[in-house]
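Trainee: What follows is a single structure, and I will ask about it in a moment.
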Amino acid sequence: MHSKTIGFIGGGNMATSLIGGLVATSHDPDRILVTEPDEQRRDLLVSDHGVVALQDNAVLAAQADVIVLAVKPNIMASVLEEIRQPVQVRKPLIISIAAGIPLQRYRDLLGPGMPIVRSMPNTPALVRAGMTGAIMDAEQPGEVRKLATAVLAAAGEVRWFETDHDLDCLTAVSGSGPAYFFHLMECMQAGAERLGLSPEVARDLVLHTAYGAAKLALHDSASPAELRQRVTSPGGTTAKALDAFAAGDFPRVVDNAMQAVVQRAAEMSREN
Ligand SMILES: NC(=O)C1=CN([C@@H]2O[C@H](COP(=O)(O)OP(=O)(O)OC[C@H]3O[C@@H](n4cnc5c(N)ncnc54)[C@H](OP(=O)(O)O)[C@@H]3O)[C@@H](O)[C@H]2O)C=CC1
Ligand SMILES: O=C(O)[C@@H]1CCC=N1
């Protein structure tokens, strides 16, 4: 994998996280190409990671062994149009990270026989703690899956799925999921400040609690429900907090949020 040239089309939030993961796993930054119209973002990628910035998506597509499509879903069709010709000649591995766009759309716009992976990473990729789901054509050779796994694993965990719907469901969990946890952290930090703690102390307490809870849940075979119960002494403080969550129908709020993601992904598949 380290001998491959990986080209990123779009150098925004998610691409930056993936590039950070690749560079951290010793991928030669000279073998990472990026096209990014925003000059400030482009310069930061070059100065922070030493990657090579290019101006033209077709030029990048003519040089890369792996192309990561990291643009917003609404401009994906125009990007695919730009790279269609060079990729048909070279047949690089195409990895899209765009939400909602089904695999068939890439086949339609790039032509038959292309090795295409649809994936859904998440921003903790930046610190190699990402969770990525991916799907691809079953008839592609095993080496394609191996290469895609190697590229995506630079960001953390990789799991393979079967269908576009699987990936939309994963988007509701791990793709968008970091935002749910960040939102809870935001709310807890604001609450801690209202209780009179300084912003600095509030942040420290919240982040270490989130980190500790995730680490414990990963290392302990107990379910999240059991871990929650272990914190909750009968008649104690935590029970009161959980009563307040229940009064706000927290499980329903979370479920509604996740259903909304899957619904939006389905809409995006029709729009893009
Ligand atoms: N953010 C996340 O947590 C995740 C995002 N994704 C997916 O990743 C993709 C990118 O999202 P995200 O990184 O958040 O978005 P960003 O807007 O941060 O990044 C997209 C970048 O692409 C640039 N761009 C626009 N047009 C072109 C073009 N023609 N050629 C090359 N680059 C272009 C944009 O520049 P400009 O702003 O100047 O237009 C922007 O910097 C989306 O499809 C999203 O669904 C997937 C998983 C998680
Ligand atoms: O919000 C989005 O559409 C993207 C996909 C998953 C996370 N961010």
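Any Cβ shown, glycine's included, is placed from N, Cα and C.
As the structure is a computational prediction, the values presented were derived from the model and not from experiment.
The NADP(+) binding site annotation in TrEMBL covers Ile9, Gly10, Gly11, Gly12, Asn13, Met14, Ala70, Val71, Lys72, Pro73. The NADPH binding site feature in TrEMBL is assigned to Asn57. The domain 'Pyrroline-5-carboxylate reductase catalytic N-terminal' annotation in TrEMBL covers 5-100. Residues or ranges marked as domain 'Pyrroline-5-carboxylate reductase dimerisation' by TrEMBL: 165-268.
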Trainee: By a simple count, how many Cβ atoms lie within 10 Å of the Cβ of Asn13 (NADP(+) binding site), its own Cβ left out?
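Mentor: Other Cβ atoms found within 10 Å: 12.
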Trainee: For Asn57 (NADPH binding site) and Ile9 (NADP(+) binding site), determine the Cα separation and express it in whole Å.
Mentor: 7
Trainee: What three-state class does DSSP give Asn13 (NADP(+) binding site)?
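Mentor: DSSP call for Asn13 (NADP(+) binding site): helix.
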Trainee: Need the DSSP three-state call for Asn57 (NADPH binding site) to compare against my parser.
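Mentor: DSSP assigns Asn57 (NADPH binding site) to helix.
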Trainee: If you count other C-beta atoms within 10 angstroms, which of the binding-site residues Ile9, Gly11, Asn57, Lys72 is the most crowded?
Mentor: Ile9
Trainee: In sequence order, which residues at least six apart in the same chain have a CB under 8 Å from the CB of Ala70 (NADP(+) binding site)?
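Mentor: Same-chain residues close to Ala70 (NADP(+) binding site) (Cβ under 8 Å, separated by 6 or more) are Phe8, Ile9, Gly10, Gly11, Gly12, Met14, Ala15, Leu18, Ile97, Ala98.
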Trainee: In the domain 'Pyrroline-5-carboxylate reductase dimerisation' (165-268), how many residues does DSSP call helix, how many strand, and how many coil?
Mentor: 88 helix, 0 strand, 16 coil
Trainee: Suppose you look only at the domain 'Pyrroline-5-carboxylate reductase catalytic N-terminal' (5-100); what would the mean pLDDT be?
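Mentor: When the pLDDT values over the domain 'Pyrroline-5-carboxylate reductase catalytic N-terminal' (5-100) are averaged, the result is 95.
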